[in-house]
Amino acid sequence: MSLKEKTQSLFANAFGYPATHTIQAPGRVNLIGEHTDYNDGFVLPCAIDYQTVISCAPRDDRKVRVMAADYENQLDEFSLDAPIVAHENYQWANYVRGVVKHLQLRNNSFGGVDMVISGNVPQGAGLSSSASLEVAVGTVLQQLYHLPLDGAQIALNGQEAENQFVGCNCGIMDQLISALGKKDHALLIDCRSLGTKAVSMPKGVAVVIINSNFKRTLVGSEYNTRREQCETGARFFQQPALRDVTIEEFNAVAHELDPIVAKRVRHILTENARTVEAASALEQGDLKRMGELMAESHASMRDDFEITVPQIDTLVEIVKAVIGDKGGVRMTGGGFGGCIVALFPEELVPAVQQAVAEQYEAKTGIKETFYVCKPSQGAGQC
């Protein structure tokens, strides 16, 4: 049974009438451009065919009822006329409440709604299940009540909800790609202007995500340290963000910087340049060049930004040995575990899967999870 059928059937059973709309919003993977978002730089994600789906209908009062199919059909109810505060027990409900609350601040011309939510974006894998949920809820209200909001505004609303209501720091990339993703394309995003450019993906190329299943422990504290180091670098150059520093300016005075800060800055500057070039390489179908850029990105994350772990490096090496110069592979996400992303011709999928199955657990003692994805459409009706 599809997620659409599941949520529609549950909606009718739970609420006693049929849903009027079913909305989806996808998860995402970032192909290249790591830790560049909070430096006002560039990222190149694509939406994937794992999504959050919501069957819904407007109500003629001011009540919101939400059922979470993936959490034992837990039900949350709240009123649009009372202050919206955090739910004491259901963490999932706070993503919904946060989106609704922040949407009220933007445009209060919507009424009540009934929703049933289900999703298949793997949680905790760095594939943005939370952003997918936020964008789906925002799109539900926009569609049911014809709110004059575009995808970027729905994305910004989701980011605000996560930062301010849920209390989790995140950049804008995850929500933006979920809202604006385009089938068979990646999206080059300028994280300063929020300008986007759709980049066509070569035909017959698989987007493969492999979860190392290495439990991330350092990610919070180390993430904040990296942000501070980048801000220190920007201050040294008297610029608002590292986006505004050229590699030539950096090379001329790198020796004056603290050696660790210099390494962090070098990663951001070179990663930004790689990301812009990667968009061109993809558009031209040049998988060999894309592979070189992804390899450089991984080496930079490993050696200059120091956010990879041995298990991730091992996974990358296993995949690279199979695909050679026919594609690329690198760590994706915040670091210290999580996933790798690989782009290569579809016909190599079985060989890559076999090599990883035979070697990764033997070398690390951990079993991987393997996802073959398609670049997918952003949020909308399904």
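Here the Cβ of each residue, glycine as well, is placed from N, Cα and C on the backbone.
Per Swiss-Prot, substrate is bound by E34, H35, T36, D37; the candidate from Y145, Y223, Y360 named for the same site is Y223. Highest local Cβ density among the recorded positions E34, D37, E162, D174 belongs to D174, counted as other Cβ atoms within 10 Å over all protein chains shown. Taking the mean position of the Cβ atoms of G124, A125, G126, L127, S128, S129, S130 as the ATP site, the remaining residues of that chain whose Cβ falls within 8 Å of it are G27, V121, P122, Q123. Closest to G126 (ATP binding site) by Cα-Cα distance, out of the recorded positions R28, E34, T36, D37, E162, is R28. Look at the Cβ of each of the binding-site residues G124, G126 and count the other Cβ atoms within 10 Å; the largest number goes with G126.
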